[in-house]
Amino acid sequence: MRVFEFGCVLLIIVSSLVVVGKGEVYIVTVEGEPIISYAGGIDGFQATAVESDESIDTTSELVTSYGRHLEKKHDMLLGMVFEQGTYRKLYSYRHLLNGFAVHISPEQAETLRRTPGVKSVERDWKVRRLTTHTPQFLGLPTGVWPTGGGFDRAGEDIVIGLIDSGIYPHHPSFATHNTEPYGPAPKYRGKCEVDPDTKRNYCNGKIVGAQHFAQAAIAAGAFNPSVDFASPLDGDGHGSHTASIAAGNNGIPVRMRGHEFGKASGMAPRARIAVYKALYRLFGGFVADVVAAIDQAVYDGVDILSLSIGPNGPPAATRSTFLNPFDATLLGAVKAGVFVAQAAGNGGPFPKTLVSYSPWIASVAAAIDDRRYKNHLILGNGKILAGIGLSPSTQLNETYTLVAANDVLLDSSVMRYNPTDCQRPELLNKNLIKGNILLCGYSFNFFSGTASIKKVSETAKALGAVGFVLCVENTSSGKIFDPVPVGLPGILITDVSNSKELVDYYNITTARDWSGRVKSFKGTGKIGDGLTPILHKSAPQVALFSARGPNIKDFSFQEADLLKPDILAPGSLIWAAWCPNGTDEPNYVGEGFAMISGTSMAAPHIAGIAALIKQKHPHWSPAAIKSALMTTSTTLDRAGNPLLAQLTSETEAMKFVKATPFDYGSGHVDPTAALDPGLIFDAGYEDYLGFLCTTPGIDIHEIGNYTHTPCNNTMGKPSNLNTPSITISHLVGTQVVIRTVTNVAEEETYAITARMDPAIAIEVNPPAMTVKAGASSKFTVTLTVRSVTGAYSFGQVLMKGSRGHKVRVPVVVNGYPR
């Protein structure tokens, strides 16, 4: 303590010399342990540390007083270093990290870095969004919900915390008037903010907590209260969508444009929702706000955390992907027994595009499920052109004249408004369009979000058209087009060659005078029914946008001895709740539901399924839940064939290739099997520290800054972390990997086999073992380089139990010469 006080005295002398420049937000960690790991030693404050996988006792006066002590120390440090008015503290982090977020100049940040007692100073950085039929596709109504008492008990008393863009609490997916009344959440202690306009709070029994975090956004000048809302209200749509995927009510009719697209349900429809808004409409969010939200959520007592967010880029000061304020806070969350699901990222199909790296997080990739929407346009010459469009058909046995927007302009001067986008009906001649099919062009404005298919539909309707066709004439390779629900017949022709065929047909059949003006429209067509989905046995498949491995250990993109993503879940064309003022998707502005895609949609699927596992096995650790999800997943599609992954080809067409663990991790989630995995690979806080300490290139002082624990290298190598996957990114010669399994079922004998691509030899020992109920056993996997191919080899360890359990562990190895 004396050294720290002496340092502060010196800094009082120099602080007056600091010139305050342009302010920025910094996340600062300081000496001393946070609540979760404080083991005692300060007079007047008893230990508050929790064992691994144990939640913080928020009712304890010991916890409250030590938390106040930490916050007072933060305020004292800032007050002694800087003059009043030259800084603004935004948050004190006390529960999972010991530190604070502060708005200061870069010069002041440099002063803080030199201050005794300060461990790290990181400039804040931004995060972004990683933008229902799936319960049936996953087998929940028949395989999982009955084991917990039916859908009306699925997830009972489990609290899912969502770090997202807030919630629209009035949506039927979150309503309580048609459900059995909720009692108080047994362990949850979070608060509900009050709507500043209506003075009503955001909670209703289903929603048990609602808070917003925007201090860093405000300090950065990014926050606009008129559109971002200084409350938990969702101003975007994304947060309501993800919340309803995880825990929305069961059997909510999805109605749009006069059609019902089915019934929506969350994965755990009886689970409670705790909202921590840290994402905003226009700019995304800031890590300082997100860390504050996570810190609060864990303190409040959530069981599960769902994060459909990822960093815009690497932190400014940290080299390791595993050690920064964001990942370190999530490590603290896992230590407190909270399971964390995070979206893997939307940078696919390119390698090393993941934004979720750490072993304590379940990183979720996105799959296409078995439901596909298709439509077609039949031309007057009999040609059938495929497209997409969630729309009714034109009248059967009727054909209609085709009229192109650029041929029915009211005035040639309107060309500057891109009239072929069909966004402004006042630019087009209603008399020539009424009763016909309007042809429009799909320009760059649709990609940028300044034009929408919804607006095309509204334009066509306003002009009296019977329907519309949007033609894609230019596109980037691998661009995915999602079907959009519209009220009148409409179709998007996504294939450039089909669009060319349509344009050629239109030009041939349209008579023009010498100036190019149309004399008569003779081309005809009719639009098919696009409302009925087609169910494919080739599902699931890895979505094109889903981020791919290999995982990286630093921002020089050196590969890690850890497989990511961890698991695959539905994330393409997911129907879920939306908010009327949501603007994240221009095609769904003002709607109650939206069908959108992204690993953002995949993560809450896993969060909801994890809630069901937690309900059945309340004492399981986060690692045990993650293990159950991974070891029981499948690498086969519905037809029994190996999973495929979408990939871009050299032409504009998309192709499918055999997927690897870098695409899907362990495989596609199987919720029914995950409830009864047989064996689990458990791990805790000390194991994750061992992984960090044995990973080459990570500074042990940096580990200490975030974990307050000295390194222990008994693990030997990071590949010995007890995960349900094995990855060696740089194998020379032979390496032996150790794994420990724990039996969570009755006594069972397991036969253990392994297979691997030819370049790597694999051997497991023992070949069989009997594991008693509740007991643990070790086995080894020996891997040897046979030939150097310059690429990764893939394989698996398979454990088949005498009672029918199957445990599969993916193996990923890159061999190098001696």
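Here the Cβ of each residue, glycine as well, is placed from N, Cα and C on the backbone.
If you look up TrEMBL, you'll see 1-23 marked as signal peptide.
According to DSSP, the secondary structure content of the domain 'Inhibitor I9' (26-128) in residues is 32 helix, 28 strand, 43 coil. TrEMBL lists 26-128 with the feature domain 'Inhibitor I9'.
What TrEMBL records for 155-639 is domain 'Peptidase S8/S53'.
Annotated active site, charge relay system per TrEMBL: ASP164 (among others), in sequence order.
Under the heading active site, charge relay system, TrEMBL lists HIS238 (among others).
Its own atom aside, the Cβ of SER600 (active site, charge relay system) has 30 Cβ atoms within 10 angstroms in the protein chains shown. Look at TrEMBL and you will find SER600 (among others) tagged as active site, charge relay system.
Among the features that TrEMBL reports, domain 'Subtilisin-like protease fibronectin type-III' is placed at 720-813.
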- Expressed to the nearest Å, what is the distance separating ASP164 (active site, charge relay system) and SER600 (active site, charge relay system) at their Cα atoms? 10
- Taking DSSP states H, G and I as helix and E and B as strand, how many residues of the domain 'Subtilisin-like protease fibronectin type-III' (720-813) are helix, strand and coil? 1 helix, 64 strand, 29 coil
- Rounded distance in angstrom between the Cα atoms of HIS238 (active site, charge relay system) and SER600 (active site, charge relay system): 8
